Ligand code: ATP
Ligand code: MG
């Protein structure tokens, strides 16, 4: 067995010593079998949430109604979920009620795809009643049981199928794919936040372009905020090539393909329920990207954009133009690092100095003059030194 399972073994042991069954399940087992880096290990157990809380001294109720308890152990925390079935589904969404059960197989049966329905016990033995290992070998995404039934229970699973396709470069098994085509419209019922979590993972996957094509072919895109009538624009996205972009860079690239600007950008991102901080960051990237698409960077643009935005914008500029020139990006950062000031606070003069020197009442001229000084310093036409700035101003005033 390998990390991070090894460190989590004592959790399984403790549960078993207390008379319960416990297994590693879900994405961690799948990624282990794929030889991919394992993020967090999920644990499933026959113990009810109350029983889990009796076994471990430090726990947090993070989703107790669905049977999930967070156990704090050493300097790590583990999500432990009680075996459950989800008998009654309501309105194509999450189950109305979950029932805790004592049997592992029934728990695996309610999971979405066969590759995600494999359990591993503490000796490393795999319990795989739905042939998930075969699916992993064949690189296919297939629902546990009838695809149409499973997508009607929870329509988000359709979105999950496409995001796994993007992340794992698997293909979608034919019946699962037909069900996707037939039931795409049920995605309309799903909360935007749940769709966003899957969509963002899809955007960041190495096989994103193929996944976008599947969204186009199955019609899934019709039921995502702001993408309903954007077929050609999404095709444009699928024609671009990129290695790795951060989440907000990906959103900016989508928005570029959609040709959105100004208020449309904000509306689109708000409809996806992004955090305000991310919305502002993406708007900033879009703003400087539009400018960059029209002209080369000038020193004052670099000064206003700042390092992170410069990096994002130039990366996107290269993706859009089918280039990959790391040296250009490095040179830009060198130019940015060489700026004599990085923000207005770095100026060696203040509004008070100007009032004193110019002998005028405060007014809009003050802000304009500071801006002129700031720009001249950034562009290297003026040295950021008090006396120097004063002389320069007096000369300007005489002209
Ligand atoms: P990731 O590596 O992205 O975390 P994951 O497979 O672990 O992938 P999670 O969303 O963390 O995905 O879910 C953990 C497990 O719970 C899945 O592997 C799957 O077995 C099950 N699961 C999650 N969401 C659903 C769903 N909507 N329907 C059925 N089973 C689900
Ligand atoms: Mg997971």
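Cβ coordinates come from backbone N, Cα and C, glycine included.
Listed features, source TrEMBL:
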type    : residues                        : note
BINDING : 27, 30, 111, 154, 157, 160, 163 : ATP binding site
BINDING : 27, 30, 111, 154, 157, 160, 163 : CTP binding site
BINDING : 40, 42                          : Mg(2+) binding site
DOMAIN  : 22-141                          : domain 'Poly A polymerase head'
DOMAIN  : 170-229                         : domain 'tRNA nucleotidyltransferase/poly(A) polymerase RNA and SrmB- binding'
DOMAIN  : 248-393                         : domain 'CCA-adding enzyme C-terminal'
C-alpha spacing of residue 42 (Mg(2+) binding site) relative to residue 160 (ATP binding site), in angstrom:
18
Under a criterion of Cβ-Cβ distance under 8 Å and sequence separation of at least 6, what residues of the same chain contact residue 42 (Mg(2+) binding site)?
24, 25, 26, 27, 28, 78, 79, 81
According to DSSP, collapsed to three classes, what secondary structure does residue 40 (Mg(2+) binding site) have?
coil
Check the binding-site residues 30, 111, 154, 157 for any whose Cβ is under 6 angstroms from an atom of ligand 2, and report them in sequence order.
none
Can you count helix, strand and coil residues in the domain 'CCA-adding enzyme C-terminal' (248-393) using DSSP?
106 helix, 0 strand, 40 coil
Among the binding-site residues 30, 111, 157, 160, which residue has the fewest other Cβ atoms within 10 Å of its own Cβ?
160
Binding-site residues (40, 154), the one with most neighbouring Cβ atoms at 10 Å:
154
I'd like the per-state residue tally for the domain 'tRNA nucleotidyltransferase/poly(A) polymerase RNA and SrmB- binding' (170-229) from DSSP, helix first, then strand, then coil.
44 helix, 2 strand, 14 coil
Translate the DSSP assignment of residue 111 (ATP binding site) into the three-state scheme.
coil
Quick one: Cα separation, residue 157 (ATP binding site) versus residue 40 (Mg(2+) binding site), in Å?
20
Distance [Cα-Cα, Å, rounded] between residue 163 (ATP binding site) and residue 40 (Mg(2+) binding site):
18
Separation of alpha carbons, residue 40 (Mg(2+) binding site) and residue 154 (ATP binding site) (Å):
24
